[in-house]
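Structure first, commentary second.
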Amino acid sequence: MHSVIHASDRIVVKVGSSLVTNDGRGLDLNALARWAEEVAELKRRGKQVVLVSSGAIAEGCQRLGWTVRPKGVHELQAAAAVGQMGLCQAYESAFRSFGLRTAQILLTHEDLADRTRYLNARSTLTSLLNLNVVPIINENDTVATSEIRFGDNDTLGALVTNLIEADALVILTDQRGLYSADPRKHPDAEFIHQAEAGDERLEDMAGGAGSSVGTGGMITKILAAKRAARSGAATVIASGREPHVLSRLADGEAIGTQLVAATNRMAARKQWLADHLKLAGRLLLDDGAALAIRERGTSLLPVGVSAVEGDFLRGEAVACVDAAGHEVARGLVNYSSDEARQIMRKSTREIEAALGYIVEPELIHRDNMVAL
């Protein structure tokens, strides 16, 4: 097995908190210098690199003299604001040693959920890469709330991979890669060298392995790889403790776990529908509707909906689930939740009688839906 990084021209590298901080107590400047050197080597080989880096909150806590990470949202946001200054300064200094410029990009889920802002972010990042700049991306913790948070930088890394249509995502952690079970609890766990990113068995294997410094366990990395695969990107989960890990991956050396994309690349708008929108509710489908969407990619008609969950407006994103609760698709609805409850199980010709008007014959048109 050879690493896919060797043949990848555009790469997103996510570096976890434990790899850039002193056990969560401020930034490890030597570690940042090392990552700058590694990325500079990839750049020397002609690769475009985006770096997704944690560390702002840990640095903020250090600067504010807090020995214990706070639990309050506003205290965490304050720490992020203070720490982001240090993170930017440290990376700017580290990359300057290799003749490279950096750019700071702070994102929230809301930025990518809005189609116009999504396209603007893609254009900006593409321009920076073409200017030979290294974009350094982090979640905008200072303003992010639970409704607009990505939740972890593994997810952010995958969404950025989709956004810029990168060839590969490298998730560097303090673990060797993916095992059949948590090796810290199961010494006989088998190491997984390669698998398909969409293999559902991976989620069962992932468990909750993860360091105490960041917010992401191994399960978030599996889900990130699944998201990245929708744009055709492979994911490598590897230990950031490995010497010269990025250079060796670029040489083709098999390090860590490689999760390959087994499905065809989704169209850009379908990727946006699949991963960048917050879900406002759920539609429960009957067996016929679920089968039609899975096998033929049809639009969803009201007659195929057996129940409506949540409160949503026209144009918001909802999940479509089958009788077993498995997500079949997600899409943008043509009717609000109140309207949907009035027209569910009804044929198209009965919509006007139920509502007094008809907006569209479909509850979700196939052009605004992505099958999962």
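Yeah, the Cβs are placed from backbone N, Cα and C, and that goes for glycine too.
Taken from Swiss-Prot as is:
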- Lys14, Thr173, Asp174, Thr215, Gly216, Gly217, Met218, Ile219, Thr220, Lys221: ATP binding site (BINDING)
- Ser54, Asp141, Asn153: substrate binding site (BINDING)
- 280-358: domain 'PUA' (DOMAIN)
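Summarised by DSSP class, the composition of the domain 'PUA' (280-358) is 28 helix, 24 strand, 27 coil. DSSP assigns Asp141 (substrate binding site) to coil, not to a helix or a strand.
Comparing the binding-site residues Ser54, Asn153, Thr220 on other C-beta atoms within 10 angstroms of each C-beta gives the minimum for Thr220. Most buried of the binding-site residues Asp174, Met218, judged by other Cβ atoms within 10 Å, is Met218. DSSP assigns Met218 (ATP binding site) to a helix in the three-state reduction.
Separating the Cα atoms of Met218 (ATP binding site) and Ser54 (substrate binding site) is a whole-number distance of 16 Å.
Of the recorded residues, Thr220 (ATP binding site) and Ser54 (substrate binding site) place their C-alpha atoms 15 Å from one another.
Secondary structure at Asn153 (substrate binding site), as computed by DSSP, is helix.
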